[in-house]
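Data first, discussion second: the structure below is written as structure tokens.
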Amino acid sequence: MGSLFRSEEVCLAQLFLQSASAYSCISELGERGLLEFRDLNPKVSPFQRRFVGEVRRCEEMEKTFTFLQQELRGAGRVPGPCPESPRAPVAREALRVQEQSEQLAQELREVTRNRASLRGRLRDLRQYLHVLREGQRFTSLPAPLGSPPRPRALSEREPILDPSLHQHLERKINFVTGVIHPWRVTAFERLLWRACRGYLVASFVEMPEPMEDLATGESITWVIFLISYWGEQIGQKIRKISDCFHCQVYPYPESEASRTDTITGLHGQIQDLSVVLEETEQYLAQVLDKVALALPTWRVQVQKMKAIYLVLNQCSFDVTEKCLIAEVWCPVQDLPQVQDALRQGSYQSGSSVECFVQRVPTSESPPTLIRTNKFTAGFQSIVDAYGVASYQEVNPAPYAIITFPFIFAIMFGDVGHGLLMFLFALWMVLYEDSPRLRQGTNEIWLTFFEGRYLILLMGAFSIYTGFIYNECFSKATTIFPSAWSVATMANHSSWSSAYLATHPSLTLDPNVTGVFRGPYPFGIDPIWSLATNHLNFLNSFKMKMSVVLGIVHMGFGVVLGVFNHVHFRQRHRLVLEFLPEMIFLLALFGYLVFLIFYKWIKFSAADSRVAPSILIHFIDMFLFTSNAENLPLYPGQVPVQMVLVVLALASVPVLLLGTPLYQWCRQRSPRTVRLGALVSTGEQEPLLEGQEAGNSVNATKEDVESGGHSPDAKHLDFAEIFMHQAIHTIEYCLGCVSNTASYLRLWALSLAHAQLSEVLWTMVMRNGFVRLSYVGGVVLVPVFAAFAVLTVAILLVMEGLSAFLHALRLHWVEFQNKFYVGAGYKLCPFAFAPDTWE
């Protein structure tokens, strides 16, 4: 069988790697992704392993890369993905990457520090310039003689010093100027007034342009303050209060000429600093361009390098310490590729001695490897969510490709709803290569996208079952003409005008010739949607259909167990387990399916009124009785039913005791030789230091071929075997009853979906068609919008999720437990996956 139907054969192998070429060989194996490495040093601390220095070196480079990436993001640049997957660097190239990255990081630190210093200095000069300009307005000299006098209006822009009072002032007026955050102005002014008791004049003006706050990076419109005071003690208080409020205080020249000269000098300094800052920004952009170009490749290379050394830390040295030995799980069909990768790695490293791989026997159960593609991955993930298949166990995924969408469609059967689901999945399939769809951050969306092929098949099967049910948004479609003739019934009956007036519902009798002309070509006849008893008819049809499909599905699961018994060479289970299970299932529930089909075939519309009840017959079958009022379906029915019940009951002790007794007899047989006696103790020495006997090299050829599933792999405990078989017998026998009833959920969910769809049409969409006038046409638009939203939200999303979960349960519990153990673990090969580096 292919790997899709059963996991591939996986073996345990040892890699013999020369110390000089081990790095190149592991790098080549990582590029191909073939092997899962085992840790041969489980008791050694990670800090005591051989290549811990190289791992720390890689981590230091990763810290440098993190700093570079933060600088790129701080500059508004997003580092892109690596254009191509570079190979792991050799030692010389790794040193070059480390030197270049550290050099770029040092340049970035210096340039960023210089830019921040220049920005701070430029901001201070601009603030100082605005302070002097605003102070000039407050303390400017009066106009010369002969000019018209200025009005003495009360304004904050008026000069603080009146020239006529200069000669009367005995004390010198001092100034404190600076800028303050606008949020602190009110508290600052209040504290100044209280602390200085009014011996000052304070003016506050907003700065004409906003400036950046270096601490937070926000753009703030700072407030300029100018405080005039008398006395040195008052000045000290003002300065201390300014320091407490984190104000930027600037010196204020006393004379007009000094202020003018200072403003002129500030203009020159600002121009010079602007030129220097612009050149610094250009140089920083050049450094960032280098980082953005090299960083993605460096990250991939160092991550690969670190992964290689982590794998080398799992290896062990041989007794001569000249080569490394690694233990790996490897698919048997990939062994030639592994040898080729080792040969290629040895050639790249320049080693004269080639590395090689050697297959070793083992008694351990190998990991499970099932190769999938983008179509089968969704179905395989459903199976793996229940449990990873045991080694070389039958894989239910290929059968679920058909059964899962079909069981879902039975509960979701509607042409319209299935078509919407199919088109949505088809859109995802057609644009599956779009990066916008693949790189979404919404987890729910990614779940839908990964299962796009599953949704596509569910929609297609729902369209098929919708045609079977003849439902499209709860309305029947007339693809073929109806097989029922109302005109023929009217011609052969006494339907008068008075009769039609008093009987709103008319009965069509199929026994009248020409009324029923045969079955509908495909699906259910559309005339049933007009009948008052269509719900009773559909209930009977869907209930019987659910039972039939459920028993067939369970029987198919039991049959799949045959392939496990044959593959693992446990042919005694064919007689002691498979045969009793099939007898029990078919003698009881297979007979129920026979009764359903037999009744459909034997009884027609002419004698349908005397048709017996299958349910009563099935109950009487277990009670070993017969009911005179319920006529038999065929002659000799009671003896046949008694024989079937006896066969079913007789199969239970065979199922319960057969396998334990067989194992017990085989264990006591003198021809059975334990596995340990077959292993030669003196011919093979351990290849690794400290290797315990039986850990890796301990098996026969049969174990290698069967993957450790030999019945004699270990000493068998009869009590444990009997307990396990008893649990299996009870679970199977009771499960046949409960699982058959569980399949009735197909009928219940299908009925619920049809009724919800009909209610939604009747209560929403139908209201838009009540009035066909102009007003009705206008109302139809919002009504249809509400109908569409409710259809998607309730019938597609909620009902679709409900049907999906029920189909999932039927596969996990009712189908897979008949043959599937799911106690394995996945093969996780060491590979440099491109997605992980991005």
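Each residue, glycine too, has its Cβ placed from N, Cα and C.
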Annotated stretch (transmembrane segment, per TrEMBL) among the listed ranges 7-26, 187-206, 307-326, 547-566: 547-566
Closest-packing stretch to the transmembrane segment (547-566), where packing means Cβ pairs under 8 Å, from 406-430, 578-598, 640-662: 578-598
For the transmembrane segment (640-662), distant same-chain residues with Cβ under 8 A (at least six beyond the ends): 572-573, 575-577, 579-581, 583-584, 587-588, 591, 617, 620-622, 624, 718, 721-722, 725-726, 728-729, 732-733
Per-residue pLDDT averaged over the coiled coil (94-121), given as an integer: 92
